[in-house]
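Colleague: Residues or ranges marked as active site by TrEMBL: CYS415. TrEMBL lists CYS415 with the feature active site, nucleophile. The S-adenosyl-L-methionine binding site annotation in TrEMBL covers GLN290, TYR319, GLU340, ASP388. For 7-65, the entry in TrEMBL reads domain 'TRAM'.
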Amino acid sequence: MEKQKPPVQKNETIDLTFVDLTHEGDGVGKINGYPLFVPYALPGETAKVKVIKVKKNFAIGKLLEIEKVSPERVEPPCDVYIQCGGCQLQHMSYDLQLDMKHNQVKSALKKIGHIEGIPIHPTIGMEDPWRYRNKVQIPVAHRHGELITGFYRKRSHEIIEGMDRCVITAEINDRMVEAVRRMADRLGITAYDEQSHKGVLRHIMVRTGQETGETMIVIVTRTEQLPYEEELVKELHETYPQIKSIIQNVNKEKTNVILGKKTKVLWGEEYINDTIGDIKFAISPKSFYQINPPQTKKLYDKALEYADLSGDEIVIDAYCGIGTISLFLAQKAKKVYGVEIVPEAISDAKMNAKLNGIENTEFYVGEAEKIMPWWTAQGLRPDVIVVDPPRKGCDEALLDAMLTMKPKKIVYVSCNPSTLARDLRFLEDGGYETKQVQPVDMFPQTGHIEAVAEVVLKV
Ligand code: SAH
């Protein structure tokens, strides 16, 4: 067969009309069926594009000039949107973002899972899709004789200068980072330098409970000793009464990992508190905690609705983290078994159960794909299984275990539509049926997509 040559060449400038979006939110234009992917272009737009990379089956272009502008295009409110790369969708209206996420779920289910004709509901969005992140971790550097803080430029370790706010981060966190930076600068605390592996201050991490307003500051240093510790700590908590906890984390390694092993409380509590719905969570510096609690509540309410518990059920929560979903389920079930690979998360889960007076949960440390077959062998037969795996989805051993356990219902919470679709296909081939899927926007302005599926045993 004659080999088809790509219809474009590198460095060529072309006119392109956009017809679709990729799952990262890049514009897709086609020349005789050959796709070109162009960041920041929107469907319905026509633009001058410079071809920057040509492959056999696709090319990548750079947007030069938009000739026909989509009505869905909006001005990104962030000054450093393009440099930063933390957000991918700020140039899109929020309605288009929600629509795009819905379509991604629908198309993954169809293409990968061969699942069609079931309700895939419109994405549940936020009323105000800005300033939602309850946690920031900002690197510190020394430039022009002073300390600076800000995110790294895309694909680099160079801090974007003049970046004093992040429009998807809770305002209080921005203010706290700024306060620590200013005080540390005045006291003469040095910034860590990656090249020479010298200096003190590496990162400033701030987490604030959205419901409680309690703030934790974590000062990440290369050195055991934090110079001017007393002055810094005193000024911080005297100036800002919402600060409940000031922690030092020591990270001596040459590494991109932000937190080191050792944490010490410099002032105040070891934890801050937050609530999601009726459940209270104590959050330690290293704990995973959902970064958008109001949307998490909506997601878990859906998961709970799909689980349809009456109070008599045995439930498994696989990939349970700090037990967030388990504790919600436990209020409506007879017994919940949680399994999770990170030991610290399981100690948090146990502590959070106690904190809420919840006594019908049991948490286990281990790989879900090993513990589930073991539970099966022990004769455990849950009525409902909830899974919330990482991006790579469920391990086949775990899916097999679910088919053997034969719960009447499976609720699948997913942060990756592709692996969701793959796993739903596996379950459907094993005798289950996907009833409905609900996308929930946990990360507005970014390309991340979260969805929950209701899966029932066919009779
Ligand atoms: N349901 C929790 C956490 C979901 S994130 C919440 O909503 O807060 C996915 C979790 O799966 C993480 O906590 C991760 O540590 C855990 N994990 C990853 N691989 C795992 C495995 N093989 N077995 C069990 N847990 C795993």
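Every residue, even glycine, has its Cβ placed from backbone N, Cα and C.
Any TrEMBL annotation is an automated prediction that lacks curation.
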Colleague: Quick one: give me the count of other CB atoms within 10 A of the CB of the residue listed as 'active site'.
Modeller: 17
Colleague: For GLU340 (S-adenosyl-L-methionine binding site), what is the secondary structure state per DSSP, taken as helix, strand or coil?
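Modeller: Its secondary structure by DSSP: strand.
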Colleague: Using a 10 Å cut-off on CB atoms, tell me which of the binding-site residues GLU340, ASP388 is the least crowded.
Modeller: ASP388
Colleague: Where ASP388 (S-adenosyl-L-methionine binding site) and CYS415 (active site) are concerned, what is their Cα separation in Å, rounded?
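Modeller: About 8 Å separates the two Cα atoms.
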Colleague: Near the S-adenosyl-L-methionine site, what residues other than GLN290, TYR319, GLU340, ASP388 in the same chain have a C-beta no further than 8 Å from the centroid of the listed C-beta atoms?
Modeller: PHE288, ASP317, CYS320, GLY321, ILE322, THR324, ILE325, PRO389, VAL413
Colleague: To the nearest whole angstrom, what is the C-alpha distance linking CYS415 (active site) and GLN290 (S-adenosyl-L-methionine binding site)?
Modeller: 12
Colleague: Where the record says GLN290, TYR319, GLU340, ASP388 bind S-adenosyl-L-methionine, what is the longest distance in Å from one Cα to another among those residues?
Modeller: 16
Colleague: Average the pLDDT scores across the domain 'TRAM' (7-65) and report the rounded value.
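Modeller: That region's mean pLDDT is 96.
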